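> I have a structure I would like to understand better, so I am pasting it below and will then ask my questions one at a time.
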Amino acid sequence: MDNTLSNTSSIRHDWTVKEVNDLFAMPFMDLMFKAQTVHRQHFPHNEVQVSTLLSIKTGACPEDCKYCPQSARYDTGLEKETLMEVEKVIKAAKEAKATGSTRFCMGAAWKNPKQRDMPYLVEMIKEVKSLGLESCMTLGSLDDQQAQQLSNAGLDYYNHNLDTSPEYYGEIITTRSYQERLDTLDNVRSAGMKVCSGGIVGLGEEGKDRSGLLVQLANMPVQPESVPINKLVKVKGTPLDNVEDLDNFEFIKTIAIARILMPKSHVRLSAGREDMSEQTQALCFMAGANSIFYGCKLLTTANPDENSDMLLFKKLGINKEEIHNSPYETEKQVDAAIIRHAEKDELFYDATSKLN
Ligand code: SF4
């Protein structure tokens, strides 16, 4: 029985890989229709949240993630850097705000932060928050005390991806276990922060692994508020440099199924956008992606620049989402947002005015 649409307002935490495989096997148009229907039940139409990602410490990472140019184990020609000064981070955050980002994400290539780094990280969070931006960090594994310290400083989101299915994970990373990742996410949640967790597709995994990743994310006791879906950006010198390309339709389907399984989460179209046509990106939005990274660098790989993003938004009539306590935590908030959106629709001819 198709129970994925029968009660889309209730969130399920008991998805099976078989059910998700079945969704992947659906005709493309049927899947897109289902995903867009779920999306419209939970989010204002035509709104996309915009985040900026800054690398605050680049390269020389001790981990061995096979897709990553920042691992010290691969010769990718990347220049390694020490932790960025707080002033430089704030300057970048101000620029991000000026170009319309609502969330500022700071990433460090670490296995985990050291205690000596914590005062700087706390300072960065406080300064970013004082600009009126939402804050997010990705720093590797966190113990419960570190998670609490970051939360106390006001950090809104913590990103830690599961990357792929538990079964395929060992092919990609050997220096950090899947369980360590789940433990970090537990620590983040227990400390009161919102969870940003997703994965990467196109790592040479099979379809069942893409299903397995989505099942892991959807079946968490509380689904991640933010779910980045990345398409591998192949970087010369990494072990996955020559892996076979994933078909873009398979990527779009992964977005659509993330939307269906996690109806209230922001699904983020993340790495890999640079190589996608406007039409592919539009299909990703149609499939329910409602968050992007904005800015010319996505950690260390290229990202479409702000102007081309804004041009695409304008062509598609997409507005940038304002900060309004998203993701929606109660049905009441959803209703209010949809009413707000309906009011906006009456002025549809002006729907892109915010982009100018
Ligand atoms: S993905 Fe993160 S943890 Fe893995 S090598 Fe790259 S920077 Fe290090």
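Glycine is no exception: its Cβ is also placed from the backbone N, Cα and C atoms.
According to TrEMBL, the protein has these features:
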- Cys61, Cys65, Cys68: [4Fe-4S] cluster binding site (BINDING)
- Cys105, Cys136, Cys196, Arg268: [2Fe-2S] cluster binding site (BINDING)
- 46-273: domain 'Radical SAM core' (DOMAIN)
> Just to confirm my parser: what is the rounded mean pLDDT across the domain 'Radical SAM core' (46-273)?
92
> Just checking: which of the binding-site residues Cys61, Cys68, Cys196 have a C-beta under 6 Å from ligand 1?
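Near ligand 1, sequence order: Cys61, Cys68.
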> Round to a whole number and give the Cα-to-Cα distance in Å for the pair Cys105 ([2Fe-2S] cluster binding site) and Cys68 ([4Fe-4S] cluster binding site).
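That comes out at 18 Å between the alpha carbons.
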> Which binding-site residues (Cys61, Cys65, Cys68) fall within 10 Å of Cys136 ([2Fe-2S] cluster binding site) by Cα distance?
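For Cys136 ([2Fe-2S] cluster binding site), the binding-site residues whose Cα atoms are within 10 Å come to none.
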> Determine which residues of this chain, when Cys61, Cys65, Cys68 are set aside, have a Cβ within 8 Å of the centroid of the [4Fe-4S] cluster site's Cβ atoms, and list them as they appear in the sequence.
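Neighbours within 8 Å of the Cβ centroid, excluding Cys61, Cys65, Cys68: Glu63, Asp64, Tyr67, Pro69, Gln70, Ser71, Ala109.
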> Which one of these binding-site residues, Cys61, Cys65, Cys196, has the sparsest Cβ neighbourhood, judged by other Cβ atoms within 10 angstroms?
Cys61
> Determine, to the nearest whole angstrom, how far the Cα atom of Cys68 ([4Fe-4S] cluster binding site) is from the Cα atom of Arg268 ([2Fe-2S] cluster binding site).
19
> Measuring Cα to Cα, how many Å separate Cys61 ([4Fe-4S] cluster binding site) from Cys196 ([2Fe-2S] cluster binding site)?
21
> Among Cys68, Cys105, Cys136, the binding-site residues in question, whose Cβ has the most other Cβ atoms within 10 Å in this structure?
Cys105
> Calculate the distance in Å between the alpha carbons (Cα) of Cys65 ([4Fe-4S] cluster binding site) and Arg268 ([2Fe-2S] cluster binding site), and round it to a whole number.
21
> Specify the secondary structure state of Cys65 ([4Fe-4S] cluster binding site) as given by DSSP, simplified to three classes.
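Looking at the DSSP assignment, Cys65 ([4Fe-4S] cluster binding site) belongs to neither helix nor strand, so coil.
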> Taking the recorded [2Fe-2S] cluster site as Cys105, Cys136, Cys196, Arg268, identify the other residues of that chain whose CB atom sits within 8 Å of the mean position of the site's CB atoms, giving them in sequence order.
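Counting only non-site residues, the set is Ser51, Leu53, Arg103, Thr138, Tyr157, Asn159, Ser226, Pro228, Ser291.
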